[in-house]
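What follows is a short report on a single structure.
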Amino acid sequence: MFDEDQLKTKNTRALRHTMRSSSLFNSPAIPEMLGVYCVTLHVSGEILHLVFCVCISGPASVVTMLVAPLLLVLFVPFSPSSGAQLPNQAKAKDLPIATNGQPFPWDRMRLPTTVTPLHYDLAIHPNLTTLDFTGVVRIELDVHEDTNTVILHAKQMQISNVFLLAPEGIKRLQVLEYPRFHQLALLSDSMLIKGRKYEVHLAFAANLSDSFHGFYKGSYRTSSGEVRVLASTQFEATFARGAFPCFDEPAFKANFTIRIIREPRHIAISNMPMVKTVELPGGLLEDHFDTTVKMSTYLVAYIVSDFKKLACSLFFTVIRLQISIYAVPEKIDQTAFALDAAVKLLDFYDDYFDIPYPLPKQDLAAIPDFQSGAMENWGLTTYRETGLLFDPEKSSASDKLGITKVIAHELAHQWFGNLVTMEWWNDLWLNEGFAKFMEFISLDITYPELHDDFFLAKCFEAMEVDSLSSSHPVSTPVENPTQIQEMFDDVSYDKVNLTCYILSFNSCDVVAFIQHYVCLYTQKWYSGDELDVRAIMDTWTLQEGFPLVTVEVRGREVRLSQERYLKTDDPSPSEGFLWQIPLTYKTSASNTVHRFLLKTKTDVLFLPEEVDWVKFNVDMSGYYMVHYAGEGWNSVIKLLQHNHTALSGNDRANLIHNVFQLVSIEKVRLDTALELSLYLSRETKIMAVTQGFGELVPLYKLMEKRDMKVLENQMKVNLFQDLIDQQEWNDSGSVSQRVLRSYLLLFACVRNYAPCVTKATQLFNQWKDSDGTMSLPVDITMAVFVIGARMPEGWDFLFEKYRHSLQMSVKSRMKTAMAVSPLQDKLKWMMEQSLIGEIMKTQDLPDVVVSVSKNPHGYQLAWDFLRANWHTMIKKFDLGSHTISHLVTGVTNQYSTREMLDEVRNFFGSLTEETGSEMRCIQQAYETIEDNIRWTDKNLPLLQAWLDKRNRRVFHEDL
């Protein structure tokens, strides 16, 4: 048995000393280990194996995991692969053709490893008037095999003045371009010799990108109406090649020394601190930045703008860390909370990982035009303005929680992803899954008052994608940029996060230390009877989907079986799947949480006594669904109706989710799920209430899109009426109470609950009469704005306030309220303006279109808009990106007729591979619509019968 206290004192201290005083790059070879899960990754340029180790720590709960982190990493250096050599030149007839008609000497998407970069010296000059840039890069190379060819990346740029700096002198290189793979071939008339160091010199020029990736232009409008331009970068996953010639794959780590030429009215920031500024002819300035640590190209970042900053210093044991928040000048007063959060979280991570933060500064920049939520560039993390800016007077509790989570995620990446990097994008989950996991860990410690149960929501989101036959394993082979972009989905982000909790079975602690010489201690982690962690992990990471566990209680005997949960009428994709499932359960006889490892298709466990009910997957701590066969669901319904607090709020949310999802695969009848939902009239916990919304609101939406007004009106049996009536129209209470209030009042107004509509109308009119100066309670503004946007004059007034507001959270709520208005001309105009990007930001277009698609008055408008502007949007947001996936699935996921399925198939079927026909999200859209059709055909008669029965029962009760 592992002695945790001993490692925490003696061994950890020794490792910390080794880490700080020794090179990371001289690890001894490590013998093969059993009971571990390995992935290939890079740490500061070395190729390593990451080994996840789990320890059994007795009765400690997950709280132990938060306090005593013990995830270990084994370092196994090996030389670059000899399998990726340049192809035999004799086979030139099989090679691709360069733009000049010559054979291009490389035929694969991924670069060869015959030559790798050591250091980039990059000088770049963006012109914010002409909206283009020029630059020069000098790359120091390490040659691993004799060759006369250097293959690297460049995309849509003009290349000139290409030279080789060799020991024997400077030589001009021939340049071949192969745009399909974004590759350049630099050909030398003499051989580059293995073991020698060389440099290549390239000049380049390009336009600033019109998209949100690469080196792209952005702008913002001041309160006086002036438009100001900036330039910033977004290189993940494959966009550094559009900013400078480079080896644009994560395994090719190198150091970067960056210089940026700018006008005096601007500032420049990059990954490292500025060391000096040099005056150039013509009144220009050149900022020189310190050399970075070894890192991948996708983490390089620089910004040229007129931003202001708010800064402070954080003192660690041996270093002083400068932390700065950058924003446009008129919003710098909204950065104080982000600065406080960054300080707390960096301090926590430095202590938690027990590995020093390797850079002298950490900047966080709010970018006015930004496609993603945020990006973890080393030393310069970038964010949407809504992800960083917080106004204590205007921002909500949800805003504070969201901002803190985003900052926690990106700062966790400074260790997971930046220091420890996957070798290739198939292991993106290593980056994103653990960063997502650290959101929960870090917020529990640093901001306990913000704690909520958002973990469950992420679990349910991941399951929604993972329940389709088009899902993918956590680790999936990918090659081209579109496939790589598609990896940034809920499976990569959330399923690994959830798998960490799976490994909490038997109080296993899963954490992440990246330590040197850890192999010396690994043998102490396992004894013969401990969990075979690799066997468990493989079943969750190497196959797609998740299990459905069927439970049938017969006296003291509990019969268990497992199968893949899959939303399809074709059973073949679910065959051959088997998981090792750490089950947890509790019964009516005891509050004790029991555990059982289900390793086979079927098994039996025995209870010490007969019980009234059993609940598996306690607090939704595992990534699986449960079906209670026989009388199981009836026992659960009886419990919820008479004593729902016998189970936790998370358990109740879990039951709501599972029973409705089982309706989709015909394991449970719809009337059973609806009977269970009736207990919600007494529910007060946020996760259970919001999960009730999550399952019932789509029923409204399906009926809206089939124009079934009579049935929809019958469905308005308001389970939440008592809870809604209890809500005060103010900002009092805890974070969970405030978030719940926002949900409830918005739901009530959207569903036209008269008391709430009357109150919201009154408040909107008062706010409008004050010309927007009246202070509305933050938590109720969404409900008030939604009601106000229903009338043309209210919508126009709201839009004017949106145009001039500097509070990003307020603008976000106004935008959403305008998008759910019944005014179709306004909805169409709003989407058009978001695409143009002058009045409304194009970065918000996907959210606007998806919001309009959820609107019963706008779903056809959104579909028409998506089709008409498809080619523009895939160019702007990039093919395969999460944004495009969100658009496709968000617009189509509530269609439930064969006519709409045919429309969707006809449109996407007309696309080519270059315009997106092979994207996974299109297959997901087909599957989701097919599932909706099956559901409605099967369940609408049941719904009608249940409502008729329910209404008769209520009538007799009233009598």
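From the backbone N, Cα and C atoms, a Cβ is placed for every residue, glycine too.
Bear in mind that the values here come from a model prediction, so they are computed numbers and not experimental data.
Quick look at what TrEMBL annotates:
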TRANSMEM  50-78  transmembrane segment
DOMAIN    117-299  domain 'Aminopeptidase N-like N-terminal'
DOMAIN    337-503  domain 'Peptidase M1 membrane alanine aminopeptidase'
BINDING   His409, His413, Glu432  Zn(2+) binding site
ACT_SITE  Glu410  active site, proton acceptor
SITE      Tyr493  site 'Transition state stabilizer'
DOMAIN    613-930  domain 'ERAP1-like C-terminal'
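Distribution of TrEMBL features across the structure.
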{"residue": "His409", "record": "Zn(2+) binding site", "Cβ neighbours (10 Å)": "24"}
{"residue": "Glu410", "record": "active site, proton acceptor", "Cβ neighbours (10 Å)": "26"}
{"residue": "His413", "record": "Zn(2+) binding site", "Cβ neighbours (10 Å)": "25"}
{"residue": "Glu432", "record": "Zn(2+) binding site", "Cβ neighbours (10 Å)": "25"}
Inset, instruction - Pop the Cα-Cα gap between Glu432 (Zn(2+) binding site) and Glu410 (active site, proton acceptor) into the table, whole Å please. - result: 10
Inset, instruction - Averaged across the domain 'Aminopeptidase N-like N-terminal' (117-299), what pLDDT does the model get? Just tell me the whole number, please. - result: 96
